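> Pasting a structure below so you can have a look.
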Amino acid sequence: MGQGPSGGLNRQGDRKPDGGDKKEKKFEPAAPPARVGRKQRKQKGPEAAARLPTVTPSTKCKLRLLKLERIKDYLLMEEEFVANQERLKPQEEKAEEDRSKVDDLRGTPMSVGNLEELIDENHAIVSSSVGPEYYVGILSFVDKDQLEPGCSILMHNKVLSVVGILQDEVDPMVSVMKVEKAPLESYADIGGLEAQIQEIKEAVELPLTHPELYEDIGIKPPKGVILYGEPGTGKTLLAKAVANSTSATFLRVVGSELIQKYLGDGPKLVRELFRVADDLSPSIVFIDEIDAVGTKRYDAHSGGEREIQRTMLELLNQLDGFDSRGDVKVILATNRIESLDPALLRPGRIDRKIEFPLPDIKTRRRIFQIHTSKMTLSEDVNLEEFVMTKDEFSGADIKAICTEAGLLALRERRMKVTHPDFKKAKEKVMFKKKEGVPEGLYM
C-alpha cells in the first residue's frame, strides 16, 4: 500500500538492495544488544587515548600514596625546622651571653652561719644552718673588727670560708607593726576626754617635741602610760590621735601577737620590738590589750603559761632595765586593769594611769555631733532625747546608733535620716548590748 518498488530498510537501518541486484556478502557478527537502564559513556577520541589504564589493586596504591604524602610533609617540616634553627641561632647565642652576664653579676651563692669562736685573725669556728661546726679560714677582705661571737656571717658555698658579715635585719613581724601611714583620726574627732587628752599630751607627746622643758624644771618625763576603761570608751582612738599629731615613729602591736608558738620566740619578739623602736627614735610603742601577756603571775602548770610569763618578764625588763629608753614612749591599753601584774603598773615603768569613764551628758552631745556632722538629717530629728537618756552609752554605742539609723534610711530608699530611724537604731543596739552572747553558744 503506497510503497514503491524500491524495497524497505534492513535491521541496521541500511536500505535493502533491490531484488535484482543480489550479491554475496561476508559474514559480519551481530551487534550486541543495547543495555536497558544504563547510559553508555561517550568515548572521546584523543582524551581516551591519553588516559592511564586502570591499575589494580587500587586500595594498596592509595595507601602507599598516602604514606608518601605523609613522608613529604615530615620532610618539609624538618626542612622548615632546620631553617628556623639557623635563623634563631644568633638570638640564642645572644641570650646565652646575657645569661652569663647575669650570673656574673649575681655571683656565687653563699650560705649563712653563726660565728662560734675566733681562733686567730685568720681562722674561726663557725656553725652552719644545718648544724655541724667547722674550722674555717677568714678571707683577707673581711672586716675583722666587726667579727664577734654570735654574729651572723656569710660563708662560701663550697669551702665554707668566711667571706662577709651579715648585718642584723629587722624581724618581719616587727616591720609589720610599724605604722607607715598616719591615721586619719585627730584630737578633734574625739568627743570630750579633755582631761585624758591633756594627760597623754604631757606624758607622751610633749617629751618628744619639747624635751628641754623637762630638763629646765629638773624632772624626768614619764616612760609610759596605761589607758584603761570599759570597752568602747576611746582608748584606741586616743592612741590613733597621738600617732596623727606627732611625727614620731609609731609601732602598734596587740598583746596576743607577743605570744608565740615556740619557746623563746615571745621574749625575742619583745626585744626586737624595742630595739627597732630605739633605732627609729623618737618613737611610740602602743601595745593594745596588754592583759593578754601582763596578767598576774602564779604557779604555771603548762609550758604555754610559763612562756607567757617569760614574755611579760622580758617586757618588764625592757620598760625598766639598765638601758635607758631615751626617746621611746610606751602606751598600754586594757579594759581589765585589775587582772594586770602589780609589777607592770608600778611607778618607774608605767608612771601615769589614765582612766576612760563612760561619757557624761556633755560628752554624749559632743559625740553625737561628731558622728552626725556628715549625715543628712530631717527636721524632726531630736538628738537631745538620746543625749538625756538614762541608758549607759559608750562612744562606740553612739557611733553604732548613728550608723544603724543611716542603714535603716537606706533600706527604705530615703536620703534623709528621720527621728524614728534613730529610735529603732537605739533599741536594736541596746537590745544586743543587754542580750550579750547566748549562754552555751560556743560549748
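Using N, Cα and C of the backbone, Cβ positions are placed for all residues, glycine too.
According to Swiss-Prot, the feature ATP binding site maps to GLY229, GLU230, PRO231, GLY232, THR233, GLY234, LYS235, THR236. The compositional bias 'Basic and acidic residues' annotation in Swiss-Prot covers 12-28, 87-106. Taken from Swiss-Prot, the feature ubiquitin cross-link applies to LYS296, LYS433. According to Swiss-Prot, the feature region 'Disordered' maps to 1-55, 87-108.
Map these features onto the structure and tell me what's around them.
According to its DSSP assignment, GLY229 (ATP binding site) is in a strand. Counting every protein chain shown, the Cβ of GLY229 (ATP binding site) has 19 other Cβ atoms within 10 Å.
Broken down with DSSP, the compositional bias 'Basic and acidic residues' (87-106) shows 20 helix, 0 strand, 0 coil.
In the three-state DSSP assignment, the secondary structure recorded for LYS296 (ubiquitin cross-link) is coil. Counting only same-chain residues at least 6 apart in sequence, those with a Cβ under 8 Å from the Cβ of LYS296 (ubiquitin cross-link) are SER339, LEU340, ASP341, PRO342.
In sequence order, ASP397 are the residues of the chain that are 6 or more apart from LYS433 (ubiquitin cross-link) and have a CB within less than 8 Å of its CB.
Outside the region 'Disordered' (87-108) by six or more residues, the chain places 156-157 with a CB less than 8 A from a CB of the stretch.
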> Residues other than GLY229, GLU230, PRO231, GLY232, THR233, GLY234, LYS235, THR236 within 8 Å, Cβ to Cβ centroid, of the ATP site?
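Filtered neighbour residues, in order: ASN335, PHE356, SER394, GLY395, ALA396.
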> Among all chains shown, work out which of the binding-site residues THR233, THR236 has the most CB atoms within 10 A of its CB.
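The residue with the densest Cβ neighbourhood is THR233.
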> When the number of other CB atoms within 10 A of each residue's CB is tallied over all shown chains, which of the binding-site residues PRO231, GLY232, GLY234 has the maximum?
GLY234
> According to DSSP, collapsed to three classes, what secondary structure does LYS235 (ATP binding site) have?
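In three-state terms, LYS235 (ATP binding site) counts as helix.
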